[in-house]
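According to Swiss-Prot, the protein has these features:
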SIGNAL    1-19  signal peptide
LIPID     Cys84  N-palmitoyl cysteine
BINDING   Glu148, Glu149, Asp154, Thr184, Glu185  Ca(2+) 1 binding site
BINDING   Glu149, Glu185, Asp188, Asp190  Ca(2+) 2 binding site
LIPID     Gly257  cholesterol glycine ester
SITE      Asp303  site 'Involved in cholesterol transfer'
Amino acid sequence: MDNEAVSALWSCASATCLSLDVKRHCSDANVDSQARTQSQATPMTNETDPRKLRHIAHTPRGSCFMTLLLLLLLALNFRHAHSCGPGRGLGRRRDRNLYPLVLKQTVPNLSEYQSGASGPLEGVIDRKSPKFKDLVPLYNSDILFRDEEGTGADRMMTKRCKEKLVMLATSVMNEWPGVKLLVTESWDEDHHHGEQSLHYEGRAVTIATSDRDQSKYGMLARLAVEAGFDWVSYVSRRHIYCSVKSDSSSSISHVHGCFTPESTAQLESGAKKPLGELAIGDRVLSMDAKGQAVYSEVILFMDRNLEQMETFVQLHTDGGAVLTVTPAHLITVWQPERQTLDFVFADHVEELNYVLVVDDATGGELRPQRVLRVSSVRRRGVVAPLTREGTIVVNSVAASCYAVISSQSLAHWGLAPMRLWSTLQSWLPAKDKLRSSKVQEKSTPKVNSTAQLQNGLHWYANALYKVKDYVLPQSWRHD
């Protein structure tokens, strides 16, 4: 809870107390008046003073109210949240500075046809193509279409493209009241865009603002990134180019967020251990709510599959650290202007952003390092350990244990039952005996038995991923 909210609640409490006090004094005044009237008719006896009775009758009600108010304040103050971030959490959403793109900049800084961006071409769609029925028209009063052909082709696009365009139109009207989004090109059936183009599949749009103010285009590109377009390019001073993944692309679902098995975590002993060999109960280097390095216990694996091929984002820092992680995974990003930490999807991290990296020169503290390069690679195997802190330091880079949902605090709250279950299990003496007996009976390390126990998504994580589409707004999900 922030200071303004606490101050407001205490102000309300003070005002309530004042009103109750005034009410009591008014009641006392009425009692005095009645007492004087009665004293003129009958003499005052030595029985209990009516003012004391009134005060006694009033006090429990005021005490009860104050008790309830204090309980409310305690409940609000004890909700889980990171003191330095993230940008989106359970409480009031923090305003985030949005920086316009510069001319020729693309987000992400990958080839448009890579899996980490809009993905490969799937083939030209014309009116006779079977896939033409998958294109949908967009009619929205907040969006203007140039439609030079006069055929309505510019209104045709994939469902995903339509979805992102509607979100962008709302952002444009909020950013510049009275200005609308202008679509100059969408699906192209006349092949005006060269040999290869996502315009031919209805997966790309060329946009501008209705007032044609070129000074707005850098911010327009940034708003397109925030709206969820998979690849945005400030390609020209006259317009912005945006594209999306195919509706049939398996990469859209992002059912998990993981690291590679060969990536390493640091144990409490100081040794480095590959994530593919981690076991439940290992204590690994993590990050607490204040951004400090701490050791935290691994309580489960949300996903673990050593054979699955996956596309990863690689972040290279100026200190030599390299983090390989799936696009939907949350990464801690340091905001030097606001001196705060945000949790950002890996494929939204850009060059010149800052991530937290373990600095051996300062005794293992987490220090910001600049991202020099962002790339996309294919690797075999995925591992997603969950620590009690909800964070983990992998290859010396601090990251979240969560993915898909943009709110670190909400994701951490959602896994609270698993943390509680892990705590209850640790209290069972039989479990410790069982573990010790297994260690004595088997000469193989504990990690091998763990590897055999789980292959794939954890049932609880899988349930949360399925529910998210029904309970969370789309802007909070990695789509």
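Cβ from N, Cα, C; glycine included.
A distance of 34 Å separates the Cα atom of Glu185 (Ca(2+) 1 binding site) from that of Gly257 (cholesterol glycine ester). For Asp190 (Ca(2+) 2 binding site), the spatially nearest entry among the recorded positions Glu149, Asp154, Thr184, Gly257, Asp303 is Glu149, judged by CA separation. Proximity to Asp188 (Ca(2+) 2 binding site), defined by a C-alpha to C-alpha distance within 10 angstroms, is shown by the following recorded positions from Glu148, Asp154, Gly257, Asp303: Asp154. Cβ contacts within 10 Å of Asp188 (Ca(2+) 2 binding site), excluding its own Cβ and spanning all protein chains shown: 22. In this structure the alpha carbons, written CA, of the residue listed as 'cholesterol glycine ester' and Thr184 (Ca(2+) 1 binding site) are 36 Å apart.
Take the mean position of the Cβ atoms of Glu148, Glu149, Asp154, Thr184, Glu185, the recorded Ca(2+) 1 site; other residues of that chain with a Cβ within 8 Å of it are Phe145, Arg146, Asp147, Ala153, Val183, Ser186, Asp188. Sequence-distant contacts (6 or more apart, same chain, Cβ under 8 Å) of Glu149 (Ca(2+) 1 binding site) comprise Asp190. Here the CA atom of Asp154 (Ca(2+) 1 binding site) lies 41 Å from the CA atom of Asp303 (site 'Involved in cholesterol transfer').
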